[in-house]
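Going by TrEMBL, these are the annotated features:
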- A:1-44: region 'Disordered' (REGION)
- A:1-30: compositional bias 'Low complexity' (COMPBIAS)
- A:63-81: transmembrane segment (TRANSMEM)
- A:93-114: transmembrane segment (TRANSMEM)
- A:119-136: transmembrane segment (TRANSMEM)
- A:156-175: transmembrane segment (TRANSMEM)
- A:187-203: transmembrane segment (TRANSMEM)
- A:249-268: transmembrane segment (TRANSMEM)
- A:299-316: transmembrane segment (TRANSMEM)
- A:322-342: transmembrane segment (TRANSMEM)
- A:349-366: transmembrane segment (TRANSMEM)
- A:386-407: transmembrane segment (TRANSMEM)
Amino acid sequence: MSTSDTPDATSAKATSAKSTSAKATTSRPTSLPPAGRTPVAQRPHAGLGDRLRLWWDALARPTQWAIGVPFILLIAALPVIRPPLLTTVGTDFGSVMAQFGMVALIAIGLNVVVGQAGLLDLGYVGFYAIGAYTVALLTSPDSPWNLTDDWLSNDWAWLACLPVAIAVTAISGLILGSPTLRLRGDYLAIVTLGFGEIVRLLADNLDSVTGGGRGLSQVAYPRVGVSEEHPNGVFSAGNASGTLNAGVWWFWVSIVLIVIALLVVGNLERSRVGRAWVAIREDEDAAEIMGVPTFRFKLWAFVIGAAIGGISGALYAGQVQFVVPTNFNVINSMLFLCAVVLGGQGNKLGVIVGAFVVVYLPNFFLGRTEIFGIPIDGNEIANYKYLFFGLALVLLMIFRPQGLFPARQKLLTYGRELYVAARAAARKVSGAGDGSGRADAVPAVDVATEGDAR
Amino acid sequence: MRANDPEDVVAGSAHEDAHLAADTATPETLPYDPGGDVEEAVAVDVAEVRPELADPTTVDAIVAPSRDVHVAEGEPLLSMRDVTMQFGGLTALDHVTFDIRRGEILGLIGPNGAGKTTAFNAMTGVYRPTSGTVLFDGEVIGKAARNEITRRGIARTFQNIRLFGEMTALENVVVGTDARHRTSVPGAVFRTRRHRAEERDAIDRGMALLEFVGIGARATERARNLPYGDQRRLEIARALATEPKLLCLDEPAAGFNPAEKESLMGLIRHIRDDGYTVLLIEHDMRLVRGVTDRIVVLEFGRKIADGTPEEVTSDPAVVAAYLGVPDDAAVPDLPEIGGPTTGAAPTTGGTR
Amino acid sequence: MSLLLHGGQLYADGVIDFDLGRLADNFWALTVDGLTYGAIYALVAVGYTLVYGVLRLINFAHSEIFMLGMFGQYAMLMLLGFYPSGNAFDKGVLLTVVYLCLAMIGGMVVSGGAAVGLERLAYAPLRKRGAPSLVFLITAIGASFILQEFVHFVLPKLTGGELGGVNAQQPIRLVVPTTQFTIFGADVTNVDLVIIVAALALAFVTDRFINATKFGRGIRAVAQDPVTATLMGVSRERIIMLTFLIGGVLAGAAAMLYTLRVPSGIIFSGGFILGIKAFSAAVLGGIGNLRGALLGGLLLGVMELYGQAVFGTEWRDVVAFVLLILVLMFRPTGILGESLGRARA
């Protein structure tokens, strides 16, 4: 059904005109014996995520924008509004959200590698580190390669280094990927793990360049919004108090970068590239035999994932203005992986939620002494975060390996009308049964099917 | 907005494939199902989405693209020249020589362990022959990567179904069409003109192919949820999507009942008539006899016969090889996506 | 590991300083030292290799099994009445050997039990469902987290702060390293001897067990062809449990030997690096191949120390990782070859 691209009013007219044709087609013996599984719409307990997806997919593009943009703005406003229950006690909510932004970006990048292409990368923190160190090495006065006192102005040094960081991480992804991506899955995991450790050890050992364990300080950040109140601009770590502190500003920067990353990754997903990735994930040999140049696309996944991780690293370096090797322990890789697995491998929006859970939950408990009147030792709970994440990973793998929001990737650029038609057909089935399985909203296509049913 | 002519739609209903009615095989799910309660679509009305596909001639025109069909028919397309395959001490193929000619359906038969799958793998570049050469379209199938071989024009289906289970039927086929596409990451990120053109072509060809093999209505269902018979058809559609010169079918009728086999034979003939060359590996003598133009018989890695179905079935050596082995003793594999490519059929179950 | 705390030093002349002279001067001393580490890696590597051979699964959590073994033997020593002390206990040779054996048994029991528990609780449900290897790997990572954090936070609560926690355990010393004899100018201490002799004995017993007993035959059968083995009446589940048990027990023994070498290494995070190295050793020798694991372990231990001598202490782990990557790139089946399976797709 092709109503999706037209305004609702015309489409209603068009569909009513079409109802005869639709009626005619129902006589078509399309009814194959039903597949082994009942459609979700018919199941008594379709998950919230599925309902949300059904509802969202059925919306017309403009409507999606009309809902999506305010929603993003609302999220961006969260650290300013600081809703009472949501805001954190022990740490500044703005910095928590900034951290969430960075981990979300990482989760999107890691999701390309793990979720879409099915390559388990346990050394992803290495790319994050390379991104951070690239910026730090080019802008910190402690570094021998500091450019800020030569020709690079400190005001825009961070921004200038961002593309450099992206390029350097992408190249490092290429360097790591080209020899190792011929390895089978579990070997790849161990090799990447080794890579992550090597990057950290290099940062630790190459004292004369990276400052070793002392790290690199005074990393550049965008000097924007300089005023008497903020002598170093709003992005400075000095802007730590108040509602509009540096954390909030960095969160906004990361939102912009996340949206861009989502658009890029989304475009890739709905193309030959995304299909190749999923095919490789599902059955690499069969993909190869079906003409997919598997190695090349695995390498692309690695490079793109690495580049996105590098962006996040650059954000981190700018926000904290100080990088030390201990920030890039391999355990962070596991945390990132946890975000991806929790959110649902392959679901690029789900992994953002996963990142939120991973970053926010420990901070939520930090410093809290009671919740809903029940006394708790929040710090203690926050301490246990790795224990809980470990448990979450094991339990998820046993009971819900697809994560909280299982992916149903769309792999076709122009498949929308098909999906909509399929959904309409599904709706038709559920309408005949009980109404409970239906999504809350009644989109345009639904009108048409309702008309058919009567 | 697409015009939606009711008459077209009604015309389409007549085209509905008869063989679909025979689709009674129990639906098989994959061995590993993460159990996601992700939305499942029910049958889509293809004619409503792609009205032009309601017309069989249009479908045929899209399925058989503008390429060298019906050219040089009868000339050898693939030649096995004195091919020997050894694994350790085991000789799986012993100086095998035969041709596959353009525009024919060649049956490759033989008892279990005769070397059919090995021959198949040697032809598709999975194995490199120990000695001898495989010529395809005048060139040696050598060290090229497997995806390269697909692009040179050999497509195959798998004995144990190997679809991309999480993808929809249409997406599976589109992966096949991608073998002819050239968009890579930059093209996809910036949505270049070529990318958009290829994407449109992918959906058109994909839907047409699904319609062609008779499962157009299942386009948006995940492959793992398709009934067994539809999964086999989907594999054929996916292989055709790579625009092969030679289509290799590895026991496509395994697990089919007689009615399904009948409709499958119709489909295979239809594919040949559209200008494809077909290699059919099959246990079921009756199917092979009914559909092929020529048959090559292997036994213990050697070719023991080569000729028309009549010649071959009256050949004493073939009769001896098959003596006491009824047609359907060959036991079908249970479908298993992601299972091993090769290997002997597990000797469990049966259709009758 | 010590590298975490290592400050490093500035090199005036170059980024990485290297000196082949240090290797030449101390060649035999490094070799002896490397063999002791290598023997420990080898024992842990057997756990990876056996599980891989039977299940085609990299038991990523095996490093934590090893870590638990260190605590197991430590707890055993405490139960025997020892306590952390700056000085070594002098119990005489015979009694010391008995105590060491008991400590080793403590480590073996804890590690073996943990390995089987891990298998039953985390892996068995996945196997029943036929999950892909990625799922196993993620589960193993989760289990790793749990075990580490258990020792980090929960164990001190359960033991009144005696065991576990953020810091390493205060060492309990039973043996003072004293030079017994020298070969080619390299001192060989009693600790070196204990480690090498014990590891060789355990390796020999394991090899015999796998190659000459009914249980070992079962393991090999399942490794080669699970379906046929099952048809022949071998209980696959039982064999899998046995495999984890052997791997765990050897890791526990290795843990005890390791604490002889590195008395201050008993910490919740102490298994991770050693685990990766043991895995590298298994790959180096040819994963799935028992004797390969032993050879790979010894080789890795020695190479690592040579590398350390050439480049400096802080590069020791880097040498091990680079070696792993090189082996996987150029000979993914290892030196002796995988007994089964293949490393490339």
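Even glycines carry a Cβ here, placed using N, Cα and C.
Since this is a predicted model, take the numbers as computed values, not measurements.
Non-local neighbours of the transmembrane segment (A:156-175) in the same chain are 126-127, 130-132, 134-135, 138-139, 147-148, 219-223, 299, 302-307, 309-311, 313-314, 318; each lies 6+ residues outside the stretch with a CB under 8 Å from one of its CB atoms.
In this chain, the transmembrane segment (A:63-81) lies close to the transmembrane segment (A:249-268): three or more C-beta pairs between them fall below 8 angstroms, excluding pairs fewer than 6 positions apart. Between the transmembrane segment (A:299-316) and the transmembrane segment (A:119-136) there are 3 or more Cβ pairs closer than 8 Å, counting only residues 6 or more apart in sequence, so the two stretches are in contact. Within the chain, the transmembrane segment (A:187-203) has long-range Cβ neighbours (under 8 A, six or more residues past its boundaries) at 119-126, 129-130, 133, 176, 180-181, 210, 212, 325, 328-330, 333.
Here the transmembrane segment (A:386-407) lies next to the transmembrane segment (A:322-342) in space: the count of CB pairs under 8 Å, restricted to residues six or more apart, reaches at least 3.
Relative to the transmembrane segment (A:349-366), the listed stretch A:93-114 leads the set A:93-114, A:119-136, A:249-268, A:322-342 in CB pairs under 8 A. Tertiary proximity for the transmembrane segment (A:119-136) is limited to same-chain residues at least six positions away from its ends with a CB under 8 Å from its CB atoms, namely 106, 109-110, 113, 143, 158, 161-162, 164-166, 168-169, 172-173, 176, 181, 185-186, 188-200, 203, 210, 216, 219-220, 298, 301-302, 305-306, 309-314, 316-318, 323, 325, 327-330, 332-334, 336-337. Within the chain carrying the transmembrane segment (A:249-268), a Cβ under 8 angstroms from the stretch's Cβ atoms is held by residues 72, 75-76, 79, 94, 97-98, 100-102, 104-105, 108-109, 111-112, 234-235, 239, 274, 304, 308, 311-312, 315, 318-319, 348-349, 352, all 6 or more beyond its ends.
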